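Copied from TrEMBL, the annotated features are:
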BINDING   Asp14, Ala15, His16, His40, Ser41, Asp62, Ile63, Gly64  4-CDP-2-C-methyl-D-erythritol 2-phosphate binding site
BINDING   Asp14, His16, His48  divalent metal cation binding site
DOMAIN    8-144  domain '2-C-methyl-D-erythritol 2,4-cyclodiphosphate synthase'
SITE      His40  site 'Transition state stabilizer'
SITE      Thr139  site 'Transition state stabilizer'
Amino acid sequence: MTLPLPYRIGYGEDAHRLAPQRPLVLGGVTVPSERGAVAHSDGDAVLHALADALLSGLALGDIGQYFPDTAAEWKDLDSRLILQKALELVQERGYAPLNAALVVTLDQPKLGPLRAEIARTVAQLLNLPASEVGVSFKTSEGLAPDHVQTRVTVLLGRTNG
Ligand code: C5P
Ligand code: MG
């Protein structure tokens, strides 16, 4: 019998269209912006990609399996609950996130001033110090001015040694 790997890598992505009169929430932080994510839930593309990254690291599928975006009960859902569910599934299997790297591609607004707050908020949700959450921002160079795109990697470690 092969032993379970001590470490596993997870990767997730998400994208949402931007429209006026919608909140822009990234990593649990509300970003002052004229436009926000069009989404069934609160549209937090960082937490959606992060939840998918956690699930993918253990080959547990994706968040759509646990939170179908057609279900009325999940309308305007706080994405922190989606992340919490993914974290529980990972923990039940004897793993925990050790660090995470987040990339947000968005043309406007500039997110640099919110980098520390996003790192701190995401780290808190993962029970990690902020120093274990890397946060990078990119523009699309005008290729996708009406979208926010996110990409996330996580390292999972076995909790029982
Ligand atoms: O996409 P580009 O490489 O031109 O972005 C330059 C820098 O602008 C990034 O490295 C990042 O520090 C910053 N940026 C930001 N907020 C964004 C996009 C980029 O702070 N929405
Ligand atoms: Mg999403």
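Positions of Cβ are set from backbone N, Cα and C atoms, glycine also.
Unlike curated records, TrEMBL annotations are generated automatically.
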- line: Per DSSP (helix/strand/coil reduction), Asp14 (4-CDP-2-C-methyl-D-erythritol 2-phosphate binding site) sits in strand
- prompt: Taking the Cα atoms as reference points, how far is Gly64 (4-CDP-2-C-methyl-D-erythritol 2-phosphate binding site) from Thr139 (site 'Transition state stabilizer') in Å?
  reply: 27
Task: Note the Cβ centroid of Asp14, His16, His48, the recorded divalent metal cation site, then list each other residue of that chain whose Cβ lies within 8 Å of it, in sequence.
output: Ala15, Ala37, Ala39, Gly43, Asp44, Ala45, Val46, Ala49, Val148, Thr150
Query: So what's the average pLDDT for the domain '2-C-methyl-D-erythritol 2,4-cyclodiphosphate synthase' (8-144)?
result: 95
- line: The answer for which binding-site residues (His16, His40, Ser41, Asp62, Ile63, Gly64) have a CB under 6 A from ligand 1 is none
Query: Considering the binding-site residues Ala15, Ile63, which residue's Cβ sits among the greatest number of other Cβ atoms within 10 Å?
result: Ile63
Query: Checking the recorded positions Asp14, His48, Asp62, Ile63, Gly64, Thr139: which ones have Cβ within under 6 Å of ligand 2?
result: Asp14, His48
- request: Between the Cα atoms of His40 (4-CDP-2-C-methyl-D-erythritol 2-phosphate binding site) and His48 (divalent metal cation binding site), find the distance and write it as a whole number of Å.
  value: 12
Message: A 10 Å Cβ contact count, applied to the recorded positions Ser41, Thr139: which residue has the minimum?
response: Thr139
Inter-residue Cα distance where the pair is His48 (divalent metal cation binding site) and His16 (4-CDP-2-C-methyl-D-erythritol 2-phosphate binding site), in Å: 10
Message: My understanding is the cutoff is Cβ-Cβ under 8 Å with a sequence separation of 6 or more in the same chain; which residues meet that for His48 (divalent metal cation binding site)?
response: Gly12, Asp14, Ser41, Ile63, Ser79, Ile82, Thr150
Query: Counting other CB atoms within 10 A of each CB, which of the binding-site residues Asp14, Asp62 comes out lowest?
result: Asp62
Message: Return only the integer: C-alpha distance in Å from Thr139 (site 'Transition state stabilizer') to Ala15 (4-CDP-2-C-methyl-D-erythritol 2-phosphate binding site).
response: 14
- request: Specify the secondary structure state of Gly64 (4-CDP-2-C-methyl-D-erythritol 2-phosphate binding site) as given by DSSP, simplified to three classes.
  value: helix
